[in-house]
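*Asks:* Straight out of Swiss-Prot:
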BINDING   Met44, Gly193  substrate binding site
BINDING   Lys120, Thr166  ATP binding site
Amino acid sequence: MKEKLTEALQALKQKTPLVHAITNVVTVNDCANSLLAVGASPAMCEAADEVFEFSQLAGSLYLNLGTLTKEQEMAAYLAIRGATLKGIPVILDPVACGAIPRKKATIERLGHFGRFTVIKGNLGEVKALAGLAARVRGVDSLDEGNDGLEACQSLARAYGCVVAATGKVDIVADGQRACLIENGTEMLTRITGAGCMAGALVAGFCGAYEDAFGATVAALLTMSLAGELAQETSGGELPGTFRAHLIDQLSLVDEALIEKRGRVQWL
């Protein structure tokens, strides 16, 4: 499976996929810059009278519900409909769905308009969507339990898609295959937007590589490796310096680094 990760990164660099992102106002710039850093092309288009057509031109669609307005909600329905009609991968980031009931209702309605290729959230969000008890604080997960794999597999089977739960150890599952990504750094929890950036990267990789499971693993591993390197090169204590180094290091992750430092446990 490890060769799939390097294949996915090569595909991303070669194809420069256009990623249509409807994301939150807190991290829109971070998502755009992270996509540019790895070689994708971001388009933060969310006007309701444009998204249906635009989503059909993209390589993938990234829906992030972090600061969901009524206007964004309508745009998301139109965009997922357009993307699904064209067979374009749709990545959902269900930010704070464990804390805000309206967001779970929105996700259910999105499922009526189209199909998710990947659902990427923290463990609390994944457990909430899977109908399991989840401990959350706003957009953050307080869960670190041993039932994360079960939650991911259950949600993957329910939606027929890949599910990823990020945390100290990232979990990726598709109902049959699963893996644990053991790279990363606690510094990623000390800046706003690391999870959103990871979701955007998943969209970038899925826009270039057909195997959504492999693309998701490659994206999250890229984010984790960049975080490790950013901590090393920035001194590891100042979050603002770390953020700047993170974007730089995203641009430097290559096949050799994945082979040398990637710690992925295939289950």
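A Cβ is built for glycine as well, from the same backbone N, Cα and C atoms used for every other residue.
Situate these features within the shown structure.
*Replies:* Annotation note: Met44 (substrate binding site) sits in a coil segment as assigned by DSSP.
Cβ environment of Lys120 (ATP binding site): Ile91, Leu92, Asp93, Val163, Ala164, Thr166, Ala198, Gly199, Val202, Thr216 lie under 8 Å away, each six or more residues apart in the same chain.
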*Asks:* Test of understanding: give the count of other CB atoms lying within 10 angstroms of the CB of Gly193 (substrate binding site).
*Replies:* 23
